[in-house]
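In what follows, a structure is listed as structure tokens, so that the remarks can point back to it.
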């Protein structure tokens with residue numbers, strides 16, 4: 001789904017508006033190997049404070065699930081950069097698995113990651129995704145046993161998303177050595193490409209994770225924080241993503 005060395009920016013759909021989200025997507029797509037577009041949810045338990053607040057802002061502004069597909073359809077008029085939708089299972093369940101995935105595919109999504117759907121309960125989802133031609137992405141944590149990691153790798157048709165830290169998302173100044181140990185372990189086990197996220201905020205971290213064996217690096221909270229405090233978020237976002245991706249692709 002993406003080239004080795006790619007930066008993968010995460011954006012929350014609808015924060016602060018549908019129109020701004022489209023502007024953000026167009027600002028970063030030139031420098032992104034793939035984009036994660038998060039679907040706002042009222043209880044984003046896996047996310048840290050920064051991304052949680054972005055979900056809440058979008059929902060307070062009246063954001064609806066259909067707005068995600070509307071943003072993506074408009075984005076597809078301008079760009080072919082791969083996009084995966086990142087969601088919790090509740091919106092998928094409420095919509096219906098087949099209907100949700102059908103709308104995602106029709107709007108231009110390339111894949112989907114359901115944060116709180118374990119592989120062991122993903123049978124219907126996997127069948128429907130295969131039918132629609134959508135790539136599937138599953139999460140693995142540092143404490144995921146090797147055998148479980150093999151199961152996740154087998155179920156993933158897009159890439160495996162490695163959580164570099166225990167706990168929720170959020171930018172950190174430094175990543176612990178356990179994050180790099182996990183990447184090296186997963187590299188020996190997984191056949192899929194590996195994307196690493198949670199806690200990444202600086203280009204030095206991107207470089208370190210790629211050297212450890214990651215194929216792509218996800219940056220989310222640092223970008224959402226920039227958007228929330230900037231007076232010129234489109235230009236600052238573009239500059240930040242260009243900086244991070246340029247550093248990663250120079251390896």
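Backbone N, Cα and C define each Cβ position, glycine as well.
According to Swiss-Prot, the features are:
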ACT_SITE  36  active site, proton acceptor
ACT_SITE  47  active site, proton acceptor
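With a cut-off of 8 Å between CB atoms and residues at least 6 apart in sequence, the same chain places 8, 9, 10, 11, 83, 84, 85, 86, 113, 218, 220 near residue 36 (active site, proton acceptor), listed in sequence order. For the recorded site, residue 36 (active site, proton acceptor), the DSSP three-state label reads strand. Secondary structure at residue 47 (active site, proton acceptor), taken from DSSP and collapsed to helix, strand or coil, is coil. Cβ neighbours within 10 Å of residue 47 (active site, proton acceptor), excluding its own Cβ and spanning all shown chains: 26.
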